[in-house]
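Colleague: My questions all concern the structure below.
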Amino acid sequence: MLLSDRDIRAAHAEGHISLDPWTDEMVQPASIDVRLDRFFRLFNNHAYTYVDPAENQGELTEQFEVGPDEPWILHPGEFALGSTWEYVKIDETLAARLEGKSSLGRLGILTHSTAGFIDPGFEGHITLELSNVSTLPVKLWPGMKIGQMCFFQLSSPSEHPYGSETTGSHYQGQRGPTPSRSYQNFYRAQITD
């Protein structure tokens, strides 16, 4: 079940959802808007000749910070990691989904590539996978609305929520845009036929 605005407010009041800072005017009919933080990560194209998700490539991205009143310029065809200003926490009874804002989509800005799903039990700043598919550079301002989160009630509480010992939760409690940690649980089936 997708939560409505009144359900989101009630879930927040009951402690099922926490966004810090919480701003009531960010609540939409069936979502809550989230804002862009000041931290970004860009690929360091000179450190490696390729990306391998099975390896720890610690120097693959480099973090940058802009001032609170300075924009980050995302150039055409560029990919950068960003993060939400809000620290998000959801309990084991809910899951969430991050979607882009349609007004930004109409400018060619994609908020995430594939990682829009947020597991029950997650807490931290949400890493954004920002892309500019337009033909012009776009200014991204700290504090601007960058996406919206919608919440889903689970049929029963998660037995092993994100952050529990059994889930291998590599991004729990993350601050700022967190680079890939795919090497920590890399899985590859042996294809024989």
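Just so it is clear, glycine is given a Cβ too, placed from its N, Cα and C backbone atoms.
Grabbed the feature section from Swiss-Prot, which reads as follows:
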type	residues	note
BINDING	LYS101, SER102, SER103, LEU104, GLY105, ARG106, ASP119, THR127, LEU128, GLU129, GLN148, TYR162, GLN174	dCTP binding site
SITE	GLY116, PHE117	site 'Important for bifunctional activity'
ACT_SITE	GLU129	active site, proton donor/acceptor
REGION	161-184	region 'Disordered'
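I'd like these features described in context: how deep, what's nearby, how far apart.
Modeller: Annotation for GLY105 (dCTP binding site): no spatial neighbours, criterion Cβ-Cβ under 8 Å with sequence separation of six or more.
Listed in sequence order, ALA95, ALA96, ARG97 are the same-chain residues at least 6 apart in sequence whose CB falls under 8 Å from the CB of PHE117 (site 'Important for bifunctional activity').
Under DSSP, GLU129 (active site, proton donor/acceptor) is assigned to a strand (E or B) in the three-state scheme.
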Colleague: Could you tell me which three-state DSSP class GLY105 (dCTP binding site) falls into?
Modeller: helix
Colleague: Could you give the Cα-Cα distance between SER103 (dCTP binding site) and GLY116 (site 'Important for bifunctional activity'), in whole Å?
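Modeller: Given the Cα positions, SER103 (dCTP binding site) is 18 Å from GLY116 (site 'Important for bifunctional activity').
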